[in-house]
Each structure stands twice: as structure tokens, then as C-alpha cells.
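Scroll down for the structure; my scribbles are underneath it.
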Amino acid sequence: MRNRFVSFLGVASYFAAGNFHSISHGRLHAAKQIAHTRAVNTNSTNFARVAFFPNGTLSGLGLSSTCEDALYATVDCDDEISSVMTDGYIGSLDNETLTDLICASTCEASIAELYDSVSTSCGDSAELIAGISYLSLIGQVWSSWNQSCFVDLTTGQNCNDVIAKFDNVTSQADIATTDLCSYCYVKKLEMMQADAYSSAYNDDFESEYKYVANTCNLTVTDFNATTSVFNASLPATTSTCLSGNTYITTDGDTCDSIALAQGVSAATLFYTNPNILNCSDIITGTSLCLPLTCTDLYSVQSNDTCASVAVSNFISFSDVINWNSQLTWNCSNLVSPDPHWGSVLCASAPGGNYTGQALTTTSSSDATDIVDPPTGVTVAIGSTLDCGAWFVNEASLGYNCSSICLSNSIAMHLFVDANPSLNYTTCDSDLVTGDAYCVDPLTNWEYYSSNTTSISTVTAAISPTWPVQTGIDSNCDAYYEVQSSSTTASSTPAATTAISSSTPLTSNSTSTTVTPPAATQSGIPANCIEYYVAQSGDTCATVETKHSITAAQFLSWNPAVSSDCTTGFWADEAYCVSVS
């Protein structure tokens with residue numbers, strides 16, 4: 001799990017470049033105390049308790065034993081509590097079941113108890129890094145819970161869900177007064193202004209709050225952003241445009257109009273340019289870094305989902321997410337107005353399809369040979385070994401994913417595909433210090449493993465191992481057995497035995513292959529012989545139990561799935577459950 005909660009708590013939010021668009025748009029407001037107002041929520045559920053800091057992860061950091069023990073305490077919350085952690089705007093989760101799990105009253109009470117315990121045992125001087133105290137991190141969890149779970153006092157509905165149903169308008173003046181002055185909307189702005197743990201309350205929201213106060217005759221004494229409890233200095237960064245192409249905006253430009261004219265994703269354009277404050281009205285003369293171009297664009301419709309976009313364009317769900325950086329891992333903001341990034345997506349790989357180097361198994365030492373990983377370093381989990389060059393992530397270099405790609409002339413999407421322990425949207429924080437990453441995968445690296453042994457050339461005719469009809473040509477070099485419809489694909493009903501005399505590889509082989517019954521993610525081994533299409537309600541654990549495999553096997557065969565199964569696992573996608 002690699003200390004999941006440690007990575008998601010505040011530090012990652014502020015120092016992992018690009019994880020949330022609002023981080024780069026906003027600023028870390030400086031410190032003003034806020035009283036925690038408990039949201040009205042009567043849901044009560046029993047959960048396996050969650051540790052924000054797994055036992056032992058804080059040893060050796062100079063904390064008192066009392067403080068360290070307090071931080072290891074667990075809370076009575078669902079593990080999905082991590083999904084509400086953000087330095088940006090907190091909106092609807094678009095999932096009633098998930099909202100109920102996160103917003104159980106037992107969770108809030110447990111967080112409050114932990115906050116009091118850490119306050120007593122650690123105070124506000126014990127810091128994870130200079131300027132970020134442990135107490136402030138627990139406070140951030142509490143604040144995020146409050147803003148995720150507050151409800152309408154009359155109806156009991158989650159206020160974020162209520163706000164999400166407001167009419168989609170382009171001007172404040174077009175918002176219905178009943179919505180504008182509703183308890184939920186006014187309370188939302190009040191909580192954002194008072195939040196000392198987030199930079200979401202920016203100049204735009206301040207103007208919005210003033211407009212609401214004036215329209216609704218509210219008495220508000222302070223519209224200024226609350227000073228942050230975080231006093232850490234952001235590290236100096238250099239701005240680099242990955243594509244090398246910039247664009248100066250003209251009057252009337254929008255994210256969509258630029259995306260269509262330049263052949264890029266509006267989502268990625270918004271994500272990578274923090275100087276875009278409003279995608280519908282970009283300030284004239286703004287200098288923008290253009291994303292890598294893509295040959296196929298798609299305009300999102302109001303009833304679209306990432307699954308429907310994928311089906312319409314013959315690509316996978318994960319492709320939609322990976323090629324359009326502003327989209328969240330579960331695609332919850334595809335048509336969201338918070339913030340509205342536009343509607344134009346890349347439906348093909350940004351930068352084009354990579355052809356790679358020629359794969360060779362000769363003994364020559366030219367640049368097309370497979371290069372062994374550097375001696376004495378650990379290869380990142382799942383990284384291809386069919387690789388012509390490696391990058392070791394040394395702490396002294398201070399590289400992020402963009403700088404690694406630039407210095408090694410590799411497209412970001414290819415870098416992530418060749419190293420599946422990295423996620424396109426969280427790449428910087430996924431990098432492990434000291435690990436080696438492939439930065440030059442060879443041609444056909446997805447299909448051939450450098451650990452396999454070459455076998456002798458097969459020259460004899462292919463003989464099928466099952467009954468066939470009469471009259472089939474004796475020169476047939478491939479057979480396919482008709483299969484019945486099933487959500488599980490295995491080598492028995494979908495066996496193809498084939499050999500090609502024209503393939504330019506150094507060895508020919510007789511093989512049994514399986515066609516996945518649905519979209520798959522990168523990293524699945526070529527020798528997978530059985531797939532399972534995840535159904536609604538499935539988890540990694542249920543799939544493992546159903547197919548009598550271990551968690552280690554499932555994660556090894558499906559490296560795009562995170563170790564805790566919270567990312568990379570979606571319904572209607574195929575996962576490998578057996579290999580030859």
C-alpha cells in the first residue's frame with residue numbers, strides 16, 4: 001500500500017505538481033483558526049477502522065511516544081474517506097452509496113476524537129515537514145469531511161448533491177434566486193471562506209460570495225480568504241511546455257475553440273495552464289502552453305459518460321482518462337461545471353502512436369538492443385524489461401515526470417504505459433526514489449517479454465487439437481474455435497493457433513492467445529489465458545475469491561490496478577485472472 005494515507009494527506013496535495021487544477025490556480029492561504037462545525041448527518045455504519053498513518057511509518061522522526069501513538073490511532077470510517085481529500089473545490093461525489101459511506105456520522109465523530117487526541121498529545125508544533133503540522137493534516141481531513149457531508153436542514157439531502165442539480169448557467173445573474181439564496185449554497189460559500197485548509201476560495205469565489213450576500217440581503221463581516229494553517233514554502237519550479245508549442249489568446253477564445261483549432265484536448269489545455277481562470281472567457285493576450293496534438297477529437301454531449309465516449313471511439317475507458325488530464329480517475333467531472341473545462345477531448349493518443357525501436361535479439365551492441373536495468377537498483381513494479389534505456393529516479397535530480405520525459409525524448413503516455421506503476425494523472429507522486437524506469441521501450445514491447453526463451457522455428461503444418469469440418473485448405477496456418485457468449489474469456493473457447501512466415505521476428509512459435517472480452521488496461525501480460533469482466537459491485541477481493549487466486553497474483557497480472565484497489569478497477573473492463 002506504500003503508506004497510502006501519508007501520500008494523500010496535505011503534503012501530496014501541495015507538492016505533487018498538477019494533481020488538481022485548483023492547486024496550480026490557487027494559492028496556499030496563510031493561518032486563521034476556524035471552529036469545526038459538525039455537519040448534520042445521522043448515517044451510522046460499522047467499518048473496518050482506517051489508520052491515517054499506518055503503524056510504524058512515523059518511527060525515527062523524533063516524535064514523542066505519546067504523540068506517535070496518537071497518530072497511529074484508527075478512525076471508524078470507510079476507506080473511501082481518501083476520495084474527499086483535495087486542496088481544491090469539493091463538490092458532489094455523484095454516487096449516493098459512496099456519499100452515505102463517507103458521510104456516516106460515526107466517521108465524523110471518530111475524526112473529531114482523533115483531532116482532540118493529536119491536539120493533546122502532539123500540539124501544533126510537531127511537524128511532518130517544516131510548516132505542516134500533523135494536527136493540521138488531521139484538521140484538513142475534518143474540514144474536507146464537513147464540506148463533503150453537510151446537508152440541507154429541511155430536506156436532509158446532501159448539499160453538494162443539491163447544488164449539483166442547479167441549472168447550468170454562464171452568468172451569476174442567470175442563477176435562480178431560490179438556488180442562489182438557498183441554505184446549501186450560502187452555507188457552501190460560508191464554509192469555503194472559513195476554510196483554512198484549502199486554496200479553493202479564490203478571487204472568483206470571493207466575488208461570488210459578495211454577489212450572493214448583496215442579492216440575498218446577508219450580513220457578512222469578512223469576504224477575504226481565511227489564512228492557511230499551512231506555512232510551508234513551495235519549492236521553486238521551472239515552467240516547461242512539454243509540446244514546445246505556445247499560443248497567445250485572442251478576443252473570444254475559449255478552451256473548446258482553441259482545442260478544435262489546434263487539435264488538442266480542452267481538458268488537458270485547462271489542466272496544464274493555471275492562468276486560465278474561466279474556460280468560457282479567457283483573457284485576451286494570455287500565453288498558453290498547448291498540449292500534444294491528437295488526430296481524433298470528440299465533443300462531449302450532455303448525456304455522455306467516459307464509457308460511452310470510449311465505445312463511440314473504439315478506445316478503452318482508461319484511454320479517455322489518460323489522454324485528457326483534467327478528468328478525474330472515475331470520470332465524475334466529464335460534464336461537471338466545477339470547474340467547467342470545456343467539452344473537446346482527445347480520442348486518440350496525444351503525440352500520435354509510438355512505433356518504438358526495432359526489437360532484436362542479436363548480440364550486436366547497437367542502440368536497438370535490449371539494455372539491462374542498471375546494476376544495484378530496483379526496477380519499478382511492472383515496468384517492461386524490453387527496454388533500450390533506463391532512468392534511475394535519484395532524489396538529488398529533483399525530476400518530475402515531465403522533466404524525465406523531456407530529457408529522454410519520450411511521450412508521457414508511452415512513459416506511463418511502459419511503467420504501469422505510474423498513473424497519468426498522479427505520475428509525479430507515484431515516482432519512487434531510487435527505482436529504475438524504462439524510458440525507451442522497444443517495438444512490440446507490449447507483446448514480448450525479455451524474460452521469455454526463444455524456441456526453434458516451426459516449419460511443420462499446424463494441426464488443430466479440436467474437431468474441424470472437412471474441406472479446409474491444407475495450407476491453413478490459423479484456426480479459431482467458435483465460443484459462446486460469456487463475461488469470462490479463457491484459452492479453451494477462444495484458442496487461436498497461428499504461425500506467420502512473414503513476421504520479421506527472430507523466432508516463430510505456436511501460441512495460444514485469448515481475445516479480451518472487453519476493454520483492458522495497460523500492463524496485462526501477453527500470456528494471459530483467462531479474463532473476467534468486472535460487474536457492478538465487484539471488488540478486487542471478490543474477483544480473487546471467485547477465481548481462486550491471490551491478491552498478489554491479481555495485482556501482478558493487472559498492474560494498472562492500485563494495491564488497495566481504489567484506482568484502476570472499474571466495472572465493464574476485463575481483468576486477467578489466469579496466465580499460462
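Every residue, even glycine, has its Cβ placed from backbone N, Cα and C.
What Swiss-Prot says about this protein:
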- Asn43: N-linked glycosylation site (CARBOHYD)
- Asn55: N-linked glycosylation site (CARBOHYD)
- Asn95: N-linked glycosylation site (CARBOHYD)
- Asn146: N-linked glycosylation site (CARBOHYD)
- Asn168: N-linked glycosylation site (CARBOHYD)
- Asn217: N-linked glycosylation site (CARBOHYD)
- Asn224: N-linked glycosylation site (CARBOHYD)
- Asn278: N-linked glycosylation site (CARBOHYD)
- Asn330: N-linked glycosylation site (CARBOHYD)
- 391-439: domain 'LysM 3' (DOMAIN)
- Asn423: N-linked glycosylation site (CARBOHYD)
- Asn451: N-linked glycosylation site (CARBOHYD)
- 498-518: region 'Disordered' (REGION)
- Asn508: N-linked glycosylation site (CARBOHYD)
- 530-577: domain 'LysM 4' (DOMAIN)
**OP:** Can you check which residues sit near Asn278 (N-linked glycosylation site), meaning Cβ under 8 Å from its Cβ, same chain, 6 or more apart in sequence, and list them in order?
**Re:** Asp204
**OP:** Would you mind checking how many other C-beta atoms are within 10 angstroms of the C-beta on Asn55 (N-linked glycosylation site)?
**Re:** 13
Original post:
Which one of these glycosylation sites has the most other Cβ atoms within 10 Å of its own Cβ: Asn168, Asn224, Asn330?
Top reply: Asn330
Subject >> From glycosylation sites Asn95, Asn146, Asn224, the one whose Cα lies nearest Asn168 (N-linked glycosylation site) >> reply: Asn95
**OP:** Could you tell me the mean pLDDT over the domain 'LysM 3' (391-439), as a whole number?
**Re:** 84
Original post:
Cα-Cα separation of Asn55 (N-linked glycosylation site) and Asn330 (N-linked glycosylation site), in Å?
Top reply: 30
Subject >> Candidates Asn95, Asn146, Asn217, Asn423: member of the glycosylation sites with the richest Cβ shell (10 Å) >> reply: Asn146
Subject >> When distances run from the Cα of Asn330 (N-linked glycosylation site) to each of the glycosylation sites Asn95, Asn217, Asn224, Asn423, the nearest one >> reply: Asn95
**OP:** Name the secondary structure element type, per DSSP in three states, that contains Asn146 (N-linked glycosylation site).
**Re:** helix
Original post:
To the nearest whole angstrom, what is the C-alpha distance linking Asn146 (N-linked glycosylation site) and Asn95 (N-linked glycosylation site)?
Top reply: 17
**OP:** To the nearest whole angstrom, state the Cα distance for the pair Asn217 (N-linked glycosylation site) and Asn423 (N-linked glycosylation site).
**Re:** 47
**OP:** Would you kindly give the Cα-Cα distance separating Asn423 (N-linked glycosylation site) and Asn224 (N-linked glycosylation site), rounded to the nearest Å?
**Re:** 36
